[in-house]
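Trainee: What follows is a single structure, and I will ask about it in a moment.
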Amino acid sequence: MGWIIFVAFLQTATIICIAPFIQGIIKKTKARMQNRIGSSVLQPYYDLIKFMKKDAVLSLHSSWLSVATPYIVFVSIVTAGLFIPTYITNNGLSFMGDIILVVYLFGIARFFTAFSALDAGGSFGGMGSSREIALSAIAEPALLLAVFAVLLSSGTTKLPDLIASLTSDGWSWFSPSYGLAFFAMLIVLIAETGRIPVDNPDTHLELTMVHEGMLLEYSGRYLGLMMWAAQMKQLLLLSLFINLFFPWGIAASGNVSQIVLSFLLYVAKLVALGMLLAFIETMYAKIRLFKVPKLLGSSMILSLMAILLRVFE
Amino acid sequence: MEVFEIWLFVLSLLFFVLGAFGAIFFSRRAKWANFLAHSSALIGGLLGAAAAWLVLSTKQSISVTAWTIMSDIVLRFRVDMLSAFFLFVISLLTVAVSLYSIGYVTEYYEKKPVGLLGSGFNIFLLSMVAVVTVDNSVSFLIAWELMSLISFFLVMFEHEKPEIRKAGYVYVVMTHFGTVFIILSFLTLFFFTNRLDFQSFTQAASDLPTSVKNMIFLMSLIGFGTKAGIIPLHVWLPRAHPAAPSHVSALMSAVMIKTAVYGLLRVSYDFLGDGTSWWGAVVLGIGVISAALGILFGVAENDMKRFLAFSSAENIGIIFMGLGASLLFRSYHEPLLGALALTALLYHVLNHAIFKGLLFMGAGSVLYATHTKNINELGGLIRQMPWTASLFLIGGMSLAALPPFNGFISEWATFQSLLHLSFSLDHPVWKTAGGLAAAALGLTGAFVAGSVVKHFGTAFLALPRTPRAAHVKEVPIAMRLGMMILAFGTLILGMWPGFVLHMTNRIVESYFHKSLTGRAMLYVPFQHSSESISLGGVLVILLFLSTLILISLRASVGKSNNRFDETWNCGTPILPSMEYTGTSYSHPVLMIFKRLYGIERSVDVQGEYAYYPKRIRHRLKTESMIESKLYRPLIHGTVLLSQRLRAIQSGNLQSYLAYMIITLIVLLLWIR
């Protein structure tokens, strides 16, 4: 019991603490690729600290939901983090939930963010919220299908069991279905983290924005919590991706040196994947809103092909 | 001991009868009629729930013979495990809805005959209880017909409005279309077994030839499916449910459509025994279509009650997914997985009853306070109606299957059943189909969340769009209490699956000889691994982390200094007309799936110059493909056929006599 609590705390602390760092890495890489120097890798930390200290301005027309939402979003994302393996396969909590729970915990965050966007009554919020709902409704089955294409090999929805079976089976990259699932998941990853070509995390007040449009009425501590939560969600999706496709080196037991090694590997993998995302983001332009379903549709087709290949293998 | 349960059950029926007569008797005094009708329904519900719970706890079926009409036609109530579960669902909803009605019906004082409404309400309850408890096909059909007719009258309660009359007629036609098929399937059973009571069906029907079984199954699927509101037989559902008074629509959506699930379970599990695997595939396919299309049509709606009705079609789809999976597992002899899928479907029956009842009552409260169901005329209700808003939000979260509420846990079990179709069945078709069905369920879940955001956000948040939304009062305490019971239920059933498993395991054991375990968590023990979920644990984590974050923020940087100011609107003051409306909210979804909706859109710009319009009129009309492509030709065909047939209706007495003689001759030749 003590071990479970310790590992759970360790995982929570890791997720909360390194999420801004990964955001910093992505921003820095993007800046360098655009021939800018860019802000420091630690800038997201400074931003968050600044936001926490600032006063907040709330809309006159908003209700208690606007104040409650940042906390609900933050907490539900951290909770989802407890059910996604990061650098320790099993933290002992997997009896409480699985990948379906994770998807629906992300769902809570999205649900309340979409509410808070409508709460102030501005059109920008409504626009962002309405788009988020339309796109996420298509991203969710795409995510489930892509994960399912990998789950099919292990026959369980529990992520620790899945990762364990993936690591014990060793290098399965020669299987074409795995490769297809990889690309399917990559598309979903970009869509769910709200990056180009699906959404642009850097714009404000453009007609293209989705996630930022919903945060428009937020300021001070509430904005800080919402941004932090978005960074953590990004980190968690990256972790899920990493552990579904590159689980090597993840610590299975409670050996301290193994955990330290696994942690270092995990951070290295995160940094590499973050750079890949930044690369994709620099290479592509944002696509039109109504083209996004087609992109996600292609992800679903890839997953479906992966499943069919696995089934008829 | 059994006598005690029989007494409870009979007393509960008697209370419904008392409510029905009492309300008529006091129909001159609306207040008395209201109070008498609904309080006796409430007591009846409590007694019925107690009886059902005791039956399930003691595992002893009870039966009462009320009236032996003929040797084979008996009005007998028999509460076995399956009946008891559905009796429990009906009774639980009865308690909450009756309490709510005491407040809601005050709306009709001095406008409408409250006595008749109260009486109809009680007869409706009585007929539903009868449908799930009688054990003879003739009395079942009588109860079924009574339920259909009385609900038709209740739908027509505000018959002075033309759209309600139209809704009522669509309902009565569709429900009888379904009844025809139910009668046909019972007649086929009678033809092959020569008996009319359910127990003989159970004993004899499993030995029937496969082709006959298939026929019976398909007919009962169409018959009960119509009542359940599966797509494409759902057309009555989004018309009739919004038309009925809200407390009746709560019952119709939460419970009445579940009697169809009961009927289908009775036929497919009790009577027919083992079936072929395509039954499950058909039901699963119907489930996927109903769930995905149901909510896609629902997203486009701006009428709160119409949206909830479409969402009922969607939830019936989820229930059918569970049913399909369980039938498939049964035909492949996978008892544990079959038990999981059957539990998932029964759990969802109970959960859907609870949260849909809550949501319909919430929509009814909005209607009561503002006299409109159109969300584009509402807004900002959360300030004047905080209770209704919070309760509606709880119902909405549960509908969207968000943890820690009960909707999630049955959807999780359905997910598991679907995924294990591919994990455990060794057949390429099921392996692929399971994953696709799970993805469809994911799509459904995301759209449900979206439409809840749309309806709650537009109606309850931001600025009031019309004066009628600006000056509202919170609804009476009785209505709030009724909703609170169910809101509490959504939380408890999410936290404590053991409570539901206690009931469903009795049913599951009798068909699969396996059961699921768990008190605070739902646990599926497989041979090598296991699947489990514990929302109580998740809630503990959520609460713990919230406290931790609040405290640590308070300790490190202090309390947040909040100022209140106008919403940012590019420097101009914000007006309610600038808010996003329900129509604009769902517009992206409409555009993405425009092939499904059949959108008619017209923009009419008035003014001298197109770039400086004086007035813009935007009209968006959606008509589902099902109605324009399936029903329209059917109706045209029927009308055409009847016009042709009119030729023989000459009105000439001689020709009618000739018809009779010809018929007589044909009949004589037939039986010769």
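The backbone N, Cα and C atoms fix where each Cβ goes, glycine too.
The following feature annotations were taken from TrEMBL:
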TRANSMEM  A:6-26  transmembrane segment
TRANSMEM  A:63-87  transmembrane segment
TRANSMEM  A:99-121  transmembrane segment
TRANSMEM  A:133-153  transmembrane segment
TRANSMEM  A:173-191  transmembrane segment
TRANSMEM  A:235-253  transmembrane segment
TRANSMEM  A:259-280  transmembrane segment
TRANSMEM  A:292-312  transmembrane segment
Trainee: Is it the case that the transmembrane segment (A:63-87) and the transmembrane segment (A:292-312) touch, counting contact as three or more CB pairs under 8 Å in which the residues of each pair are 6 or more positions apart?
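Mentor: Counting Cβ pairs under 8 Å (6 or more apart in sequence), the transmembrane segment (A:63-87) does not reach the transmembrane segment (A:292-312), since there are fewer than 3.
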Trainee: Can you tell me which of A:99-121, A:173-191, A:235-253, A:292-312 gets the most C-beta pairs within less than 8 Å of the transmembrane segment (A:133-153)?
Mentor: A:292-312
Trainee: Cβ pairs under 8 Å only, please: of the recorded stretches A:6-26, A:235-253, A:259-280, A:292-312, which one is richest in them relative to the transmembrane segment (A:173-191)?
Mentor: A:292-312
Trainee: For the transmembrane segment (A:6-26), could you work out the same-chain residues 6 or more beyond its ends whose Cβ comes under 8 Å from its Cβ atoms?
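Mentor: Counting only partners 6 or more residues beyond its ends, the transmembrane segment (A:6-26) has Cβ contacts under 8 Å with 39-45, 47-48, 78, 81-82, 86-88, 91-93, 228, 231-232, 234-236, 238, 254, 263, 267, 270-271, 274-275, 277-278, 281.
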